[in-house]
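Student: Okay, so TrEMBL annotates it like this:
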- 12-35: transmembrane segment (TRANSMEM)
- 55-73: transmembrane segment (TRANSMEM)
- 80-100: transmembrane segment (TRANSMEM)
- 106-129: transmembrane segment (TRANSMEM)
- 141-161: transmembrane segment (TRANSMEM)
- 173-195: transmembrane segment (TRANSMEM)
- 175-406: domain 'Major facilitator superfamily (MFS) profile' (DOMAIN)
- 216-240: transmembrane segment (TRANSMEM)
- 252-273: transmembrane segment (TRANSMEM)
- 280-301: transmembrane segment (TRANSMEM)
- 307-330: transmembrane segment (TRANSMEM)
- 342-364: transmembrane segment (TRANSMEM)
- 376-398: transmembrane segment (TRANSMEM)
């Protein structure tokens, strides 16, 4: 690995790493963001005897482990480099896909998809969001958005492909096919990704929480991101179910996930404007807009066509938010502690990621029909609104000048 020095903000090695991260996020986050397809399939297929909120615990556990384990993956990344977590993460994720293809019972899906996929996802995810922060400074938002853009593209392609393959070759062989593709793409990713900073001693766990209690901007931004996680991922779980409730066909309901992820891809592509107008500024605006979409549109959608429009717009703003969080953390972190700090913050966020979808699942179960889905929109919308307020406070704690590019 190269010696420590200023981020080059480009170069062949840097952009090769970004290309490798794109393939990794296409597989990892692309499949994770497609959970709505699995939720809808399970509710009418192998797990139809279970309530919606019970099934959603599989996806929620997957997201929880993805974020919770990031603190440990981040420490390994800072100390030993990208391959220390990217390679074992790739093995776990690919193995989980083949295990899911064999599942029949609820506990089996929980172990294979909720836990094993979550562990693999966490290691790949930490690599994807941390590596660009080492290679880039002024172009940090651009590089990060390109790297994580694969997740939006994957989230667009995977639901359409899986929905068709479910009917043509069955659930089991669909997951095996996805597994073989994942092996190919993650192999390419492991060959391309390199770490810039030298190896160092792992950050000690003792005192790892100090930034949360001693640095006001870090504390406020952690609160902001956590509240956003409470409501930001819910539509990815329930948009297909909501579409069916509104009268959409099974095919269109599955496609709603793809439309939302297509919007997310566009949002990540445009995240480069954070380098021009300020990453915190762009993040805060998109948090407020996302809250408005949930409070003003999700709760009163009259038809499936309106849900598609919502999905594209919501996906766009969420894509911007997801792309902006890592560079915002890096802005208030030293280069050698970026991975640890990002992992620590995502570990805090994991509790909200775990509880958000099941809470909304309970609302749907307790209040059948449109009332339940409106309650979901209100809960998620106010969570995003709270996150936006905390993000505004964090930005002002760093720089009180309203017009500052931050």
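Cβ atoms here come from the backbone N, Cα and C positions, even for glycine.
TrEMBL entries are annotated by machine, without manual review.
Because the structure is a prediction, the values reported are computed rather than measured.
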Student: Which bits of the chain, at least 6 residues beyond where the transmembrane segment (342-364) starts or stops, bring a Cβ under 8 A of a Cβ in it?
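Tutor: Residues 51-57, 59-61, 63-75, 77, 126, 129-130, 133, 208-209, 211-212, 218, 221-222, 225-227, 229-231, 233-234, 237-238, 241, 326, 329-330, 333, 372-373, 375-376, 379-380, 383 contact the transmembrane segment (342-364) from elsewhere in the chain.
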Student: Could you give the residue numbers and ranges of same-chain residues that sit at least 6 residues beyond the transmembrane segment (106-129) on either side and whose C-beta is under 8 angstroms from one of its C-beta atoms?
Tutor: 21, 24-25, 27-29, 31-32, 38, 42, 46-47, 50, 54, 57-59, 61-70, 73-74, 77, 82, 85-86, 88-97, 99-100, 144, 147-148, 186, 193, 325-326, 339, 342-343, 346
Student: How about the transmembrane segment (216-240) and the transmembrane segment (280-301): at least 3 CB pairs under 8 Å, pairs 6 or more apart in sequence, or not?
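Tutor: Contact between the transmembrane segment (280-301) and the transmembrane segment (216-240): present, because at least 3 Cβ pairs are under 8 Å.
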Student: Determine which residues of the chain contact the transmembrane segment (55-73) at the Cβ level, with the cut-off under 8 Å and only residues 6 or more beyond its ends counted.
Tutor: 32, 35, 38-39, 42-43, 47, 85, 89, 106, 109-110, 113-115, 117-119, 121-123, 125-127, 208, 229, 233, 237-238, 339-340, 342-344, 346-347, 349-351, 353-358, 360-361
Student: Between the stretches 252-273, 280-301, 376-398, which wins on the count of C-beta pairs under 8 angstroms to the transmembrane segment (307-330)?
Tutor: 252-273
Student: Can you name the far-off residues of the same chain, 6+ from the ends of the transmembrane segment (173-195), with a Cβ under 8 Å from a Cβ of it?
Tutor: 1, 13, 16-17, 19-21, 23-24, 26-27, 31, 77, 81-83, 86-87, 90, 93-94, 97-98, 100-101, 124, 127, 131, 134, 158, 161-162, 165-166
Student: Report, as numbers and ranges, every residue of the chain located at least six residues beyond the transmembrane segment (252-273) whose Cβ falls under 8 Å of a Cβ in that stretch; write 'none' if there are none.
Tutor: 30, 33-34, 36-37, 40, 139, 141-142, 144-146, 148-149, 151-157, 159-160, 163, 235-236, 239-244, 282, 286, 304, 307-308, 311-324
Student: Over the span of the domain 'Major facilitator superfamily (MFS) profile' (175-406), how high is the average pLDDT in this prediction?
Tutor: 87
Student: Looking only at residues six or more beyond either end of the transmembrane segment (80-100), which have a C-beta under 8 A from one in the stretch?
Tutor: 1, 17, 24, 27-28, 31, 73, 109, 111-113, 116-117, 119-124, 126-127, 130-131, 175-176, 178-179, 182-183, 186-187, 189-190, 193-195, 197, 199, 202
